[in-house]
Structure formats: C-alpha cells, structure tokens
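Peer 1: As listed in TrEMBL for this protein:
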| type | residues | note |
| --- | --- | --- |
| DISULFID | Cys237-Cys239 | disulfide bond |
| DISULFID | Cys269-Cys272 | disulfide bond |
Amino acid sequence: MKKSYLVRALSKEPALRGLACVTTGLVDEARHLHETSPVATAALGHGLTAAALLGALLKVQQRVALKVEGDGPLQKMVVESDSYGHIRGYVAVPDVALPPPFDGAAVVQALGRQGVLTVVKDLQLKHLYEGVVPLQGGELDQELAHYFAQSEQIPSLVEIGVRVDEAGEVVAAGGLLIQPMPEQDPGVLEAVANRLDDLPPVEDCLAAGDTPESLLATLFGPIEYEILETRDLEYRCTCSWERSRKALLALGRDELKSLMQEGQAVIDCHFCHQQYVFGPEELETILEELEAQ
C-alpha cells in the first residue's frame, strides 16, 4: 500500500502555515474496508483528506470530526482525526452509483448541494467546540474554506483532490492548506493563491510524481519556510468493547429489557464494521448496573 503522510511547514516573513498531504493509500484502504462504489470512494477520499488537514491543526490529545449532511444520494459523510494522524470515516450509502468521471463535481452531486457542514472539536476542555455552516453547493475544499472564513475567521487556501479511475481504483489523493498566522495581513495569501491557480489539480500533481514536499516548495515559492513535521497518516478506528458497553448503558432500562428479550445486542461500528456481541448474561449485568445508579 502506498504510504500516506502529511508535511507541516511554517514561514516567518510573511507568517504562513502550510500543510500538504498525500492520502492515496489511506483512501484505498477505506475503499476496501467499506466496499465503496467509485463515486463514494471519491467522496470519502475528499473527506478523509480534509480530516487529515484538520487533524494537523490540533494540539496533543485533541480530536476533530467533520460531518457533511446533504440532499444527495450519499446522504451523510462522517470523518474523524486525532492529533497523531489516525483517521477514520464512512458514508451513509456506500454503494451509490453515478457514471464517470468520479471527480469533484461528481462528489458534489453525490453529497448534494443543500445541507450543512459541521465541524466538532474535542479540545480537552469542558465543552466541545462546534461550528456549523450551510453548504454552498461547491466541492468539499471550497466548503472547508468557507467554514474557516465563517466559523474561525481565518482566510484559507484549501485544495483537495481524489482521482478514481473507471474501475474504482484510487489513482491519487491528497490535499493542501495554506493559512496566515494570527496578526498577519491576509493579503499575503494572494501571491500563494496565484501560484496555486497555476498548478494542475493536486491529484494530477501527485499522480505525476509530485510529493507534499514539492507542492509546498512550489506554493511558498521565494518565501523562506521551515518544515516542522512529517507525520504518517493511517486509517485507525477507536471503537472498543468498553465503548460499546457504555453505548448500551446510555440506552436506558426499557431498551435494554427489549434487547434481553431478543436474546442479544449487536453493535456494529460504522467506521470499521467491527461487531460487538453482548449476550443475555452481559445485558443483565449492564441492566443491574443501570438500576443501581
């Protein structure tokens, strides 16, 4: 499997941060795991790449989730990342069929033009941060740039691309994010934006042999910058038997009694399809625990 990784860079004059990643292997693993159709693969690839970029903005032990709910046949996409490059995600209807090409426009058609984009951050504070913006009818990178502008007041250059061939194979996937640091005049983005406009789509660059490092070098151009980090990206789920048990506890007495009458409870993780089976004795123990509270 092709290695997926992200590079994080910073320049001082002007003060910009730049992220670039290749996610081809990550997206291909998700395709096999979820058995997605070609257009669902492209959509999930855009989402997983967005999660990789958002995750690189976090501090230690923080998490971020991005959810897109639209009026298209995919219905919903949920992706998550922690601060270590561990990413997971799913689409609600993985077998959606649309004709090729499976490009950004097809992803918009699959997700829908009407709906909402929600970003939830666990910053290890008392409350979760949640930002919700209406979809603008554009591709996911445009929607993400709109989110940054509206919810976080950060002008951002975002480009995400996934190339899926007619057979459904992932040829290339990756993304870019450039932002001015706080107190920096956002006008400095203009020169970088011009260089980005001169580039072919990011998925074409990666398919032709470009790397996150070479893409950042092109975008920064004459601006001196330093690479702060290179992190591996991998598909990793955080589900567990204990988390599933807590989910059952949260159902309440009536629901648990109903499951006991059925003989068992089966919890299927949307992100990795791991199943957790709880038999009658385990359900009875959970019910006793609930009634003792």
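Using the three backbone atoms N, Cα and C, a Cβ is placed for every residue, glycine included.
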Peer 1: How many other Cβ atoms sit within 10 Å of the Cβ of Cys239 (disulfide bond)?
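Peer 2: If we count other Cβ atoms within 10 Å of Cys239 (disulfide bond), we arrive at 18.
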Peer 1: Roughly how many Å lie between the Cα atoms of Cys237 (disulfide bond) and Cys272 (disulfide bond), rounded to a whole value?
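Peer 2: Rounded to the nearest whole number, the Cα-Cα distance is 6 Å.
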Peer 1: Have a look around Cys272 (disulfide bond) and count the other CB atoms within 10 A of its CB, chains all included.
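Peer 2: Neighbour count, Cβ to Cβ under the 10 Å cut-off: 17.
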Peer 1: Looking only at C-alpha atoms, tell me how far Cys239 (disulfide bond) is from Cys269 (disulfide bond), rounded to the nearest Å.
Peer 2: 7
Peer 1: Report the same-chain neighbours of Cys269 (disulfide bond): residues 6+ apart in sequence with Cβ closer than 8 Å to its Cβ, ordered by sequence.
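Peer 2: Result: Cys237, Cys239, Gln275, Tyr276.
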Peer 1: Per DSSP, to which secondary structure element type does Cys269 (disulfide bond) belong, with helix, strand and coil as the options?
Peer 2: coil
